[in-house]
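Shown next, in structure tokens, is the structure this report addresses.
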Amino acid sequence: MKNQLNSIGLFHSVEAIYTGGAIQWSLDGKTLFSACGSYIRASNIDDGRESYKVGNEENQLRISTFLLNEDCNSIVVAYTNGLLQSYRLPLLENGSKVVDPEIVRQWKSTHAAPVLIMKFSRSDTLLATGSADFLVKIWNLEERSCVGSLKGTSGVSAVEFLHKSRVIVGYTDGSSSLFCLESPKKLIFRWTNHTSQIVSIVIRQLPEVVFVSRDQTLSVVNVDSYEKIKVLPLYEPIEAAVFVSGSLFTVGEEGVLKCWNMENAKLLKSASIYRSRINSIIYNQVCNKFLLATSDFNVFWVDKETFKIVRQFAGFNDEIFDVCFFGPKLDYLIAATNSSELRLYNTNTWSCHLITGHTDSVLSLSTAPWDPKLFASSSKDNTFILWHVDLDDDEEIKAKKIGLATGHTNNVTRVRYSNSSKHRFIVSVSNDSTIKLWPLKNLKQKTEDLKLQSSATLVAHAKDITCLDISLNDRLCVTGSMDKTAKLWHIETDKMHFTIGGMLNGHRRGVWDARFSPSTQAVITCSGDCMIRIFSLPSRDCIATLAGHASAVLNGVIINNGKQIISADSGGLLKIWDIAANECITTVEAHDEKIWTLQVANDESRLVTASSDGRIRIWEDISEKKREEEEHSRAEKAHNEQILANLMQQNHYDEALAFSLTLARPYSCLKIVQGMMELKLDELHNAIKKLRGEELVILLDFAAQWNTNSRTADVAQLVLYCILHSFSPEELLKMPNFASVIEAFIPYTVRHFDRLTRARQNAAFLNYTLAQMTLSNL
């Protein structure tokens, strides 16, 4: 970084994409619709960026389900309080938003429980809503009325229109019913083929309909003769199924995508997609791919022919503890979350690859500076793992476990690789209060799972150890702890041993982060006492203290050749500090909750933060861009002022008035109006007559501001007089906010009127007194 960092701007934010519930895929395969609590997020599948939102993020109501229509131009949303809302979706051209989602209609479902299932008829004129209250209600969207209420035997779990006059419903008790929608609406037939919930109703080829159940079977029935044709085993509790190209595709408890022959229930093909339950499966004919959504909010796109995962998104990251840049070009990002899985993001497409290996939440990450394909992760399972990642094929990333370290008796809170490849080692710290040194000289074959052995173990602190850093020359490491101290340790790389290097005291609360300066002999420490301290390595003395955070400082990093510090606190704030001036340059509201990690790219052009709010945000240096904008703004301001001065000097007041209004400068406009008043009232009247639309609104707003001051109230009243006599009431009422601006005039106008009345009375008394004095002299 050549210049001082003064400002940072958000480059990209990884937000929650899916937090459970319904999920839909647009017909063209380009947009993913997913429930995120109180709103629906429409995401671009290519890069995961948000296209728009349906609903209000600040709404306290939660979405129970939603449904796209056949043409994907409208969506119906059901909330937990029984409210249904129909939206007209925006048109997207080349990824740009044309209009916002527009609510067309809203109504109460009148269900006694939240709506869980919705289904459109083939023509999109009828909508069926199913609930846990045993009812399916049929809504005519054209007539905006409920045309039927169908009572079942238990909670509704599946609905399908056979055609406009008949609907088939599946229930949680395993039964299914066929209803007639023509008057009189009645139950035609009820099947009891299953003992558990009906998860899908598949229309194979009328009159044959398939019921898929969680009781590990499917049944085929004839809806004309009402007979049960056959029942076939599926050997797994099924969660969802679709019928494509003559075969049945299912997902369920095992996390496996399966393809079945419908005639004999023969398994034709299968592929393990995920380690836990898959709740949803959607097929898109345009892309020839399946969309799968898991129980812990991950989304997969799977090729129909090969069953290979072609893209995946982590729907919800929960709490994020650590992140780091990764790869030969640092175009990948690894995230450690409140999960046993690691998330590897491609920063070009923001596709996410999940890496499994730990058995509890991952707390820390470290990349090897001497090998761009190596990284380490530590966990609450008391271990850390060394990984080798093959990034040659982005669609098939392979992460191999090449080393496992056991020996700590509590959470391994931090790990760090050595900076040099000459003496390769890794250091770990734990909540068991120990620091361990692990030589990596035997780490030669990247295909073997090596059992690491520590060469040195020391009890480093009296309480939990929270942070760790290694100097650039690999001779020192620093640790910080909840015992309010940071300690330096000498690393003897020849013998692979530790010796104490000194203690850094001064904080009044626990130390959350400690890092070496890359270019100066200094260490910074961040603490729960809201302070950042800078220590000199030669003397071990505190040479500077930075105060300004209102909450615990959790992270800090030195940048710009040791001239600046970026810090992050538990309130979600980022601060940029000038070390020489010992002051904060700028503060950024980066997150809503604790910022657990702050990492800077090697070239310091970007930095990444991650927080308890589940967001990963990448920031870029916009100091130069902001300086250029400020210079351009100053030049433009000087140019406009010169134009305004020229117009006033040439007595072109009408043009000057219109120009000052476009610049939105109340003081300049006031001077122009006063100049016109000195010349002739008609000048102002004629100039105001020429104003139209936005210019008139701005002038009225300025006049309302001038009216608050007795020195300029006369100008404001004259402007209002000219406007009221220059335009008809109909024209004025068409202006936006006209009524509110006039209301703002009233209280101050009454006050000015009272003041002038009192002044007039006082003048009358003065004349009377003067007259009496004159008479007495006579």
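Placement of Cβ uses the backbone N, Cα and C atoms for every residue, glycine included.
As recorded in TrEMBL, the features of this protein are as follows:
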- 108-149: repeat 'WD' (REPEAT)
- 355-390: repeat 'WD' (REPEAT)
- 405-448: repeat 'WD' (REPEAT)
- 458-499: repeat 'WD' (REPEAT)
- 504-545: repeat 'WD' (REPEAT)
- 546-587: repeat 'WD' (REPEAT)
- 588-620: repeat 'WD' (REPEAT)
- 641-773: domain 'U3 small nucleolar RNA-associated protein 13 C-terminal' (DOMAIN)
Would you mind splitting the repeat 'WD' (108-149) into helix, strand and coil residue counts from DSSP? 0 helix, 24 strand, 18 coil
Same-chain residues at least 6 beyond the ends of the repeat 'WD' (355-390) with a Cβ under 8 Å from one of its Cβ atoms are 275, 321-328, 334, 336-344, 397-406, 408-421, 424, 426, 428, 430, 440, 443, 446, 450, 452
DSSP composition of the domain 'U3 small nucleolar RNA-associated protein 13 C-terminal' (641-773), residue counts helix/strand/coil, works out to 111 helix, 0 strand, 22 coil
Please compute the mean pLDDT of the model over the repeat 'WD' (108-149). 92
Sequence-distant contacts of the repeat 'WD' (458-499), meaning Cβ under 8 Å and at least 6 residues beyond its ends, amount to 413-420, 422-423, 425, 427-431, 433-435, 437, 439, 505, 507-516, 518, 523, 525, 527, 535, 537, 540
Across the repeat 'WD' (546-587), DSSP labelling yields 0 helix, 26 strand, 16 coil
Six or more residues beyond either end and a Cβ under 8 Å away: which residues meet both conditions relative to the repeat 'WD' (546-587)? 1, 4-8, 509, 512-513, 515-520, 522, 524-534, 593-600, 604, 607, 609, 611, 613, 619
Helix, strand and coil totals (DSSP H, G, I; E, B; other) for the repeat 'WD' (588-620): 0 helix, 19 strand, 14 coil
